[in-house]
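A.B. asks: Pulled from TrEMBL, these are the listed features:
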type	residues	note
REGION	162-222	region 'Leucine repeat I (LRI)'
REGION	241-306	region 'VHIID'
MOTIF	272-276	motif 'VHIID'
REGION	322-354	region 'Leucine repeat II (LRII)'
REGION	460-534	region 'SAW'
Amino acid sequence: MSGSVHGLYNQQMQQVEQYYAPYNVLKNCCKDTRSSGMQFSFQAQDEQFFTLDSSPATDYVVNDSPPALSVSSNRSPFSPQCSQSYMSDLHHSSDNTCGSPLSGCSGIDDGDLRHVLRELENKLLGPESDTDDSCSCSLKDMVSKPSSVTRWNRVLDMAPGLNLKELLNACAEAVSDADISTAEALMSALEQRVSVSGEPMERLGAYVLEGIRARLLSSGSIIYKKLKCKEPTGSELLSYMQVIFNMCPYYKFAYMSANVVIREAMMNENRIHIIDFQIAQGSQWMFLLHDLARRPGGPPFVRITGVDDDESAYARGGGLQLVGERLAEVAKSCGVPFEFHGAALSGCEVQLENLRVNHGEALAVNFPYMLHHMPDESVSTINHRDRLLRLVKSLSPKIVTLVEQESNTNTAPFLPRFRETLDYYTAMFESIDAARPRDDKGRISAEEHCVARDVVNIIACEGADRVERHELLGKWRLRLRMAGFTQCQLSPSVGETIKDMLKEYNPNYQYAESEGAVYLGWKNRALATSSAWR
């Protein structure tokens, strides 16, 4: 089964390309189409690139929300216990569901952490310190405490000898400790060490620094809304998001795994209804339509309901009718009876009547990197995240596909959330670095407009303004089961398809299977998961 999907991708790329390449503007993750031989051009830009514009406020305000009450989560019996490391800072957050099959837990490697902590301890206290490196220690815990002034003075004295990651963590700790003068001094030091065209940590550091500054200036929400993934001027140019989409396999992982699951679930159905809660340009379904056209006995009738939001419409340069027209043209070209319905609203606004579910149609629901944008019980008593899951369950879908980032940032307080974000996006920036030159202007613009905005939002914002709220797969399992879903075991063809796809990419991309789900990661860090439910 996997051979047909992977073969379809290669065989149909040229046919789909005429619809697909100029329009596919997707959010917050990545894809690669190097095998297609497509060439990209970019509008001339100024030679000098800057980081984000942090709109100043009159007074500094340090935001740090406490951990919010959430549904408790148990570790998988296959997941190793997380030793006391950065993840121990997340212990009191009920989001903490450790044990991705790639990394042991979604956080920083314990051995590396202890080495860093010991190195910092020696720098700050001297080699004779008797600190027990088996416990989780923050930077401020490692410095003797006659006074906070003395403690942070020592940190500032040692700042020139700290590596960039240590310096970023020190700055975050100063912000968490409400020591604004120290944070400002460390930010000044960081400005000399970061670059949007440097090494992965230098590039990420530039945006993390902007996130810290935006947190102090209470301007994170403004930056997030400003940095939309729009297309550069000129019809011949690809969108910023398309650049990242073409470099990394994260969205291809989502599309291909979900398409295999849906195709297999609908194998004997003559009328299929697909609800896509993040349809963007609809490119995922172009591939599935070509695949269904080849089904023995003839293609089924396919109806797609595309849920949209303002940002997708902004990036696309028009409403959902554009998506429907493109999909209808593809369906007609391959002989698939087709109907499209657009629901131009956000997930928080979706009600039963918006989805137009008809009796006699087998229903598939797709959640591609979308649910983490839905506010949950920690943000609002309405809890749209769980409300939407219960709504979908009430439709009795035959299959539901879920793809999400494997990160723990939803209800964690500022400091552990900062560390988790730094760890997660370090892996992502390293993977982007492997695909494009460091001075590539298209990459720089794409990272700024489509990745940096997420980093800023996670670090700088709280409450309803923080819309990037990732959860680990263990927590999604609990939410789905509480809504009445049962997880489906993925067939071997899903794994075979993803492994075939990854042959086109850097060997540092990793694939793993665990408890019926599949994971995509970079080196030893899990970055995305795909699972199926009914």
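Even glycines carry a Cβ here, placed using N, Cα and C.
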A.B. asks: Mind tallying the region 'Leucine repeat II (LRII)' (322-354) by DSSP state, helix then strand then coil?
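C.D. replies: Its residues fall into 18 helix, 7 strand, 8 coil.
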A.B. asks: For the region 'SAW' (460-534), report the average pLDDT of the model, please.
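C.D. replies: Here the mean pLDDT over the region 'SAW' (460-534) amounts to 96.
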A.B. asks: Tell me the residue counts in helix, strand and coil for the region 'SAW' (460-534), as DSSP assigns them.
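C.D. replies: Tallied per class, the region 'SAW' (460-534) gives 25 helix, 23 strand, 27 coil.
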